[in-house]
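Colleague: Structure provided below as structure tokens; questions to follow.
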Amino acid sequence: MGENPAKNHYAQLNQGEENEMDIFGYKTQSCRKALCIAGYILSCGALWLLFYWKPEWDVWVNCIRCSLEEADIVLLRTTDEFRIYSRETVTWISVSALIKSRSDYPATAEEDSIFSKAIMKPSFQVKTIQVQKIRYIWNIYAKQFQKVGVLEDHHTCSAIHAKFGSGLTCNEQDVRRVICGPNTIDVPVIPIWKLLIKEVLNPFYVFQLFSVCLWFAEDYMEYATAIIIMSLLSVFLTVYDLRQQSVKLHSLVESHNNVMVTVCRNKEGFQELESHHLVPGDMLVLKEGKTLLPCDAILISGQCIVNESMLTGESIPVTKTHLPQADDFKPWRTYCAEDYKKHVLFCGTEVIQTKADDRGAVKAVVLRTGFNTAKGDLVRSILYPKPMNFKLYRDALRFLMCLIAFAAIGMIYTVCVFALNGEEAGEVVKKALDVITIAVPPALPAALTTGIIYTQQRLKKKGIFCISPQRINMCGQLNLICFDKTGTLTEDGLDLWGLLPSERNCFQDIHSFPADGSLPWGPVFRAMAVCHSLIVWEGKIQGDPLDAKMFEATNWVIDDSSGHQIEGQGSTHATVVRPGPKATTAPVEGVTILHQFPFSSSLQRMSVIAQEIGGDQQVFTKGAPEIVAMLCRAETVPSNFESELLLYTAQGFRVIGLAWKSLQAGKPPTALTREEVESDLTFLGLLIMENRLKRETKPVLEELSAACIRSVMATGDNIQTAITVAKNAGMISPTHRVILVEANKEPGSVSASITWKPLGENKTEDYRSMDEGQTERRTNLTLGHDQYHFAMSGKSYQIVAQHFRDLLPKLLLNGTVFARMSPGQKSSLVEEFQKLDYFVGMCGDGANDCGALKVAHAGISLSEQEASVASPFTSRTPSIACVPELIREGRAALVTSFCMFKYMALYSTIQYLGVLLLYWQLNSFGNYQFLFQDLAITTVIGMTMSFTGAYPKLVPYRPPSQLISPPLLLSVVLNILFSLSMQIFGFVVVQEQPWYSKTDIHRACLSMKNHMENSSYSLGLHGVGDGAHEQTDNGYKSYENTTVWLLSTINCLIVALVFSKGKPFRKPIYTNYVFILVLIGQLGICLFLMFADIDDLYSKMDLVCTPTTWRISMVIMLAVALAVSFLVEEAVIENRPLWLLLKKTFRYHSKSHYKRLQHVLEQDSAWPPLNETFFSDSVAITVEGNMGGHSNPTFDSSEDSL
């Protein structure tokens, strides 16, 4: 029963967002419900269990389709490739008690709000659903479910000031509170019993329960008990792990679920209340001193300094300014563009300092509450992680289905054999069901989990922590790693290398630090002393490392102790910088920073208005050199500006432009707009910072390159600096060419253009005419597809993604450097690589890479801050050396999983074939025989096989990603055939022996005196005998049984040895001492059982005595099986050249999108087009502003400026 979206029955929730879902309306029907309950009872709960696993079936059976408006149940389906269903019940909230007494409702703030559009008249009720912790209410007019707990986006800047500037009335607040729910990020600690039930209802454990019940019915107590103990241990470990995570998450959010806040009430003044009462639109008043923010809010007056390390992972204080009062018709977020975050205070962050302006208190309007906030979003991404799409897990299910089909054949055979021989119906059913538990190994998931746990422990020893163990296997498939630059490939801090001052539009001599001593007093010195956003916090200067280095070079200090009188303004809180003890003499006592325009990644600059104590007001600006130069008067910018800039960026330096101007007295600083301040500036020069590569960067990238793993850089830095770092780090080989891809779009025009420019070796000539030598360059580039690299900026990437969608995959195939990338663009880049079928790893410092770390197949955070909880892997040492380490362990874990699968498949098949052979004679293995194979052999092997460590060298190819790959299937099938041949051979040949007797099981060892008197005793097929023999002869003893059991048991050991692969992904098997000792011990016990002749032991194990010659024959059979199996595995299955030759012969081409594209581009002589410009004729595809992915809403990287 699929979904056919009928009219009004279907809609989309959160359209265009990351958590987009399809939503279908259904109505419960009493008669259907009654039938289902009867079905639950009659099926002893099996139907309920099926509906628990498949909620959509439950809805389809219990309900009928209807429009969303009439629905009392909604069915939700994710829109990704997994299409996961969930069901939610529609609930009603009554607001009649709050409204009926109010004749004037809706009040001013409510007229165009979602609240007035959702209240049904005359019942005054609101229809709601709750999905993944977020509440949606039914909009009567738009006929759709809409999110609440968020201030609507359509408000303009002036509307926010006008409507919410004086606060909500008590009644408005009450209505909103009832509809939105409490402002809490409530993550209750899940009770252990709930976790237990959820874990136990896993299909696998349900199958185990079925197996255990069957074994108890057959008196197979020992193994049933062992499996129960193992399963309980596994369940308790999982539950303990989940409980720990639940407690950790609970404590992470609990701290600011209840903070006391001051709100401003319309007509009623200020009021103190608990933060869980806050609603969107409330007016918060921020007091002096530290405050934890309990919600997201828009600052509408004053200024704040906030510590956002909880959300961004960077403990750099951030300055927030108030929302401008612009009379614009655009919604506030569109008006502020990318800078809207500069006015938003985020939940979970800490306000360190507030600075009031001339409008009085520092106020903010509540923007989002509860799980809609930035912190709520982070918590939700942990509570509801994106499901994993890994072939191994899909193949595992298919593999189990094959085993079940295999078991079904055995069941039919069993029923036929036993029924034809007139067995009781109950016995036949038991024997038939037993075949399933033999063919499908119940210990398989436990064995797979142990492999992952061992890998996790090995990673932990190496300082790599993992919160998502199922991703470890994925690391074995990684073939592309995206690296952030600053703090990941290069050192975290910057060193001040030099200053290139400019006077009268000419660059002067370079001033080196610290060699040339301190700078002379002048505008450049003042710019370095005041143009920053540093603050004194807890006795230390805190802020952007770049700002800190620049300020440090002046030897001045920040005096942040008190409010300062400023002419004509009364007292406000301003920062003053003064000469420190080591500073050179300055003609002033200090400089006051009056107003800041904080750094903005879209504008790529920051400015301050400062005033010398007793002097004039001045403006200082610093930022990306090309941007700063555009804001300066043309006559102040040196003519050789571009070539000088290129000279330094091409050497990998980070370059910052400085500029200044004097302000005429008049308007107070806070009344000036950014446009007025940042115009007609005088260019001061270039500040040159050095960002050194980390010591381990180059060797790690060389190791990845040798292993055919692509490295890509995604950074917020300047493109030229990024290219140089990529070359120095070895990402771009010295012999390879770099092609700059520039895409542009004229504002207001529909079409966009894209240009390919090769960067020549002589960097300074790059931007001059490129026509000459074009033909020479073209031939140079057709050398090979890997010999060129594309570099592009975030802006170009965005335009290509919107206007040149078909070119994007081609550019990504050789794209190595992506500069000036915003956090959202990084996430989008990772997703685009994934669409090309790359397995993508992302390594970053956890801050602005938060989204990309989550989206990647394996995200490795080098930051131990809480923001990195979103990252599956965290490295304790902040170096990229953890990347190859993780890939090595991932590959070893993946190969171990395959070995485990093969071994488990073979063990269950060997046992299954043995049992079916004996069923032919209405015989079977005895309980202790089963127990020995299941517990003493397989369980121990399953526990120790995974101890083998990872091979230290990364080879240039990956392990197979599929269980159902030809070599693997061939290996399993051939080994099954060898086992079958050997067992049938033993079964048939033993019957041809001269001493063989079907009835007299002691005849072969007549010489044994103690059996002489028993020779006349013949054993009935079903163990019928006199009392003396009842306990020893239970119907299992026979020559066939002894032969088949010994052959199959030792065969399990052979298979375990043959399948335990060493090189190239794991260390050689002899390094796994525990496993080798276990195998030797088990082989010793098996040979002892074969040759021993101890009556009591044989009687317990249901074995019979056979002549020594037959025992030696069995050993020879096993030796041949070992030799053949080992030879086939080494010469055929593990023979990589042979498989490559077969691929070539049968013209097999990889199904990976990127491989197919590579093949196409190799044939295309016109690619890449050089010095050509294409224009897009089509209309742009709309791409979300944040380019999809989980972007960290608070982060705005300060590295973007430079």
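Glycine is no exception: its Cβ is also placed from the backbone N, Cα and C atoms.
Computed from a predicted structure; not experimentally measured.
Straight out of TrEMBL:
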type     : residues  : note
TRANSMEM : 34-53     : transmembrane segment
DOMAIN   : 147-220   : domain 'Cation-transporting P-type ATPase N-terminal'
TRANSMEM : 223-242   : transmembrane segment
TRANSMEM : 396-420   : transmembrane segment
TRANSMEM : 432-454   : transmembrane segment
TRANSMEM : 904-922   : transmembrane segment
TRANSMEM : 928-947   : transmembrane segment
TRANSMEM : 968-990   : transmembrane segment
TRANSMEM : 1042-1060 : transmembrane segment
TRANSMEM : 1072-1092 : transmembrane segment
TRANSMEM : 1112-1133 : transmembrane segment
Colleague: Any residues 6+ beyond the ends of the transmembrane segment (1112-1133) with a Cβ under 8 Å from its own?
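Modeller: Answer is 967, 970-971, 974-975, 978-979, 982, 985-986, 989, 1043, 1046-1047, 1050-1051, 1054-1055, 1057-1059, 1087, 1090.
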Colleague: Taking residues 6+ outside the transmembrane segment (223-242), which of them lie with a CB under 8 Å of any CB in it?
Modeller: 190, 192, 195-196, 199-200, 205, 208, 211-212, 215-216, 442-443, 445-446, 449, 927, 930-931, 934-935, 939
Colleague: Kindly state the mean pLDDT of the domain 'Cation-transporting P-type ATPase N-terminal' (147-220) in the predicted structure.
Modeller: 84
Colleague: Top stretch among 432-454, 928-947, 1042-1060 for CB pairs under 8 A with the transmembrane segment (1072-1092)?
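Modeller: Of the candidates 432-454, 928-947, 1042-1060, 928-947 scores highest.
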Colleague: Who are the chain neighbours of the transmembrane segment (968-990) in space, where the CB to CB distance is under 8 Å and they lie at least 6 residues beyond its ends?
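Modeller: For the transmembrane segment (968-990), the far contacts come to 898, 902, 905-906, 909-910, 913-914, 917, 960, 962, 996, 1039-1040, 1043-1044, 1047-1048, 1051, 1055, 1058-1059, 1110, 1113-1114, 1117-1118, 1121, 1124-1125, 1128-1129, 1132-1133.
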Colleague: For the transmembrane segment (928-947), find every same-chain residue at least 6 residues outside the stretch whose CB is under 8 Å from a CB in it, and list them.
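Modeller: Those are 220, 222-223, 226, 230, 441, 443, 446-447, 450-451, 454-455, 896, 899-900, 903-904, 907, 911, 1036, 1041, 1045, 1048-1049, 1052-1053, 1056, 1060, 1072, 1074-1075, 1078-1079, 1082, 1085, 1100-1102, in sequence order.
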Colleague: Can you work out which residues elsewhere in the same chain, 6+ from the ends of the transmembrane segment (432-454), have a Cβ less than 8 Å from its Cβ atoms?
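Modeller: Residues 204, 207-208, 210-211, 214-215, 218, 227, 230-231, 234, 396, 400, 403-404, 406-407, 410-411, 414-415, 418, 469-470, 472-473, 893, 896-897, 900-901, 904-905, 907-909, 911-912, 915-916, 934, 938-939, 942-943, 945-947 contact the transmembrane segment (432-454) from elsewhere in the chain.
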Colleague: Looking only at the domain 'Cation-transporting P-type ATPase N-terminal' (147-220), what are its DSSP counts of helix, strand and coil residues?
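Modeller: DSSP composition of the domain 'Cation-transporting P-type ATPase N-terminal' (147-220): 43 helix, 2 strand, 29 coil.
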